[in-house]
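The structure appears below as structure tokens.
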Amino acid sequence: MAISLSFLSTYLLLLVASFGVLAKGLLDPHFYDKVCPQALPVIKSIVEDAIKQEGRMGASLLRLHFHDCFVNGCDGSVLLDDTDTFIGEKNAAPNVNSLRGFEVIDRIKSALYYVCRGNIVSCADIVAVAARDSVVALGGPSYKVELGRRDARTASQAAANNSIPAPTLDFSGLVSNFVSHGLTIQDLVLLSGAHTLGFARCTTFRARLYNETWTLDGSLATSLKYICPSESGDGDYNLAQLDSTPVKFDTVYYDWLMQRKGLLHSDQQLYKGDGSGSDGLVKFYSQNSKAFWEDFGVAMLRMGALSPLTGTDGEIRMDCRKVN
């Protein structure tokens, strides 16, 4: 679907996107085939087990990958606990009391150390594969994850606060954020489609619920007010589903946007109903689930190739929560 952009904007999109392509060339989906052929099956098994215990965990593991890659690249930095030398990303505004799945990653890391007979698989790669396996476990498409990332030795709370797109962003802010990461408007719409899974806290949609009534379906708004009272501090961590099938990977998210049911302000910004912005893409993927499945995998690979540490850069952590 064509999007109208100025020549300069188009040039910038192509320029920054090229960095992702170059980075992807450093990775290989067969990276562990010889050194630990059981690595991917082990990750898949543990992810499936975690999702059987709690369906919501699939969305949480997928989100973990997003929040890792959007902060200085896909390097496992999001997993690091705070230390005396740096304040990590776990307590950044987009993550604190929100980001989940760390225990599942720990479980995978321990199992891989045993199966691979040593410290072979990076935490960054575990996060990337767990995200893919979560999508598949909830009925979505499979795609070959590029592997060979190494782990960062530090993390930055400030970078997390500045780099992860906020649920309050308008369309122009979302586009700027994605362009700054080497991603396009199409990537924005596709990766936002991950919101077909999971839930959001009252604090992330309260302002939309009470201040944007003209852009929010009335019946949905009424039901949400039982979950999310208007007063700050009251029900802040109550959860609402992002679409009507929060543990099924499908295109209902896009259907909801076209019905003015986007839960987050940033969600509804993708579809305004006047033919502007990314309206065409939302409508296209709403009506073409096969295209969404195919293109979502491509977008995930592009995001997963953002600034990886490879070769001798970084390290392979023994414990995903701390540097060696």
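Using the three backbone atoms N, Cα and C, a Cβ is placed for every residue, glycine included.
The disulfide entry in TrEMBL for C36 points, among C69, C74, C116, to C116. Listed in TrEMBL as the disulfide partner of C74, from the options C69, C123, is C69. A gap of 27 Å separates the Cα atoms of C74 (disulfide bond) and D243 (Ca(2+) 2 binding site). Within the model, the domain 'Plant heme peroxidase family profile' (26-324) carries an average pLDDT of 97. Considering only the recorded positions H195, D250, C320, D68 (Ca(2+) 1 binding site) has C320 as its nearest partner by CA-CA distance.
Annotation for S77 (Ca(2+) 1 binding site): same-chain Cβ neighbours under 8 Å, separated by at least 6 residues, are D68, V71, G88, E89, D151, A152, T154, A155, S156. Residues near T196 (Ca(2+) 2 binding site) in space but far in sequence (CB under 8 A, at least 6 apart, same chain), listed by position: L242, D243, T245, K248, F249, D250, T251, V252, Y253.
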